[in-house]
Amino acid sequence: MKQLYTAGILLMLAMNAAAQSPAPKPKIVVGMMVDQMRWDYLYRYAARYGNGGFKRLLREGFKCEQTYINYAPTVTACGHTSVYTGSSPAVHGIVDNDWYSRELQRSMYCTEDSTETTVGAEGKAGNMSPRNLLVSTVTDELRLATNFRSKVVGVALKDRASILPAGHTANAAFWYDGKSGNFISSSYYMKALPEWAQRFNEQQLPVKYLDNGWETLYPISSYTQSDADNKDYEKSFGHEKAPVFPHTFTGREKNSIRTTPYGNTLTFAFAKAAIEGYALGAGTETDFLAVSFSSPDAVGHQFGPNSIEEEDLYLRLDKDLEAFFTYLDKRFGKGNYLYFITADHGVSQSPGFLETHRLPTGLLDADAVLKDINTAIAEQFGVANGIVALSAYQLYLNRPAFAARNIPLQQVITLVTEKLKATPGIADAVSLHDLGTAALHEPLRTMLINGYNKQRGGDVILLMQAGWKDGGRSGATHGLWYPYDAHIPLVWMGWGIKPGKTYRTTGMTDIAPTVAALLNIQVPGGNIGEVIWEVFK
């Protein structure tokens, strides 16, 4: 009897230990990117967050408080690609959302692909693929490591925010078509939408959400972290006289959902449908859901980071996030999924806001600057249209025209940089061919080197003053090297993660190798990042 009692105790202890020890691998990795989320948004609205969303992340997760983008330009396509490749534009080739192709002699979109067709709607919104991406992603490496048994799915409103993270070998990538109100895909992935996706689209959720209009979640007087509602440096919706609450829509304006919190709610709903439709996390291998939330970027651009619209969006996103965590806990079991949240870039305050509060700012008219420089080039060298494009603050010179006249390119570059340096709002201008020896401080020098791809880049880059914006004083933008654009959130939670934080400087390109290390798989082919070792302690 004593032996049986002892054996029973040992069995119970063994079962208890097994229950407490984590599974050998997560059922699923959920990589979540919030487009244009500044690092400080984790804390700026924290007093009003619920306990199960961002506060749960801060409480249960491992926080990398000093994570920076280590290249410029800080834009959506580059950010999503760099997170999942562990690489920079210099290597992975996605140098901007659009860039000038010298071969095609036109601007090209980062994921455009004329060989593919739209799946799920009419039109060309699905003529896309990841073929312009020059290296593998961590999602590709997961597929390779399991001989393609792991499933990978990308979901976002923006096409590039779904396609680029999902990689070359993804089972599927879906994005939103504002004309039809459908989530669509490309013939690169499938011939027709899965039945579950068709059923999702048949619900016409965008119409239902928009018909409700957008009012503040709480009394508008309680939004003390924001500026007043009616400011001339916020942009209105096209049908509105002023940028004020409540915002009303009709179901016909399906594309408007991008610039409301409902875009996040819609994305969460489709992400859940994709998990169930593809039975993600239900097999023997780890699956991966790469989901990105595009609406914060649209709202930030239109209203700015100090608007009530921005605060309300994040309070609603917090509630959506709490519901999503509850869903993941129920479906996979708490601790059985690996989750991380980050952003593709931050954002600056609106010039109008900065001006009102006597902070450094100004407006640059890039078109006028280019016109002036082209005139100077024509006068000195006899070449019309000497600059053929401006992308990611890089100027592309008309190399064939100068070569035909035997004009040394360096002479043209000298003229261009001198003109740019004399322009108010431009802090510096340097030749992209001489970044290694240019008189630049760190981290700027390294960021420019990491952001310059010789095959797809320009010849000269202009560096704007902090707080300055190309265009008007309303709305907000990003793209520069300054911390307001480059400091991003990074929090890990779930399988294999213990609560904690590090203030050591980490990079956006460190995310992919850290995921790879957690999963015991190879890092992506173009990886330049390092494992964030503190996550493992």
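Yeah, the Cβs are placed from backbone N, Cα and C, and that goes for glycine too.
Site annotation for substrate in TrEMBL covers LYS158, ASP159, ARG160, and the matching candidate from ASN97, ASN132, ASN201, ASN212 is ASN97. Of all Cα pairs drawn from ASN97, LYS158, ASP159, ARG160, which the record names as binding substrate, the longest spans 11 Å. In this structure the C-alpha atoms belonging to ARG160 (substrate binding site) and THR76 (active site, phosphothreonine intermediate) are separated by 8 Å. Looking only at the binding-site residues ASN97, LYS158, ASP159, the one with its C-alpha closest to THR76 (active site, phosphothreonine intermediate) is ASN97. Under the three-state DSSP scheme, ASN97 (substrate binding site) falls in the coil class.
Under the DSSP three-state reduction, ARG160 (substrate binding site) is assigned to helix. Of the recorded positions THR76, ASN97, THR76 has the largest number of other Cβ atoms within 10 Å of its own Cβ. Excluding ASN97, LYS158, ASP159, ARG160 themselves, the residues of that chain whose CB lies within 8 A of the CB mean position for the substrate site are, in sequence, THR76, ALA77, HIS80, TYR109, CYS110, THR111, ALA156, ALA161, SER162, ILE163, LEU164, TRP175. Within 10 Å of the C-beta of ARG160 (substrate binding site) we count 29 further C-beta atoms, all protein chains included.
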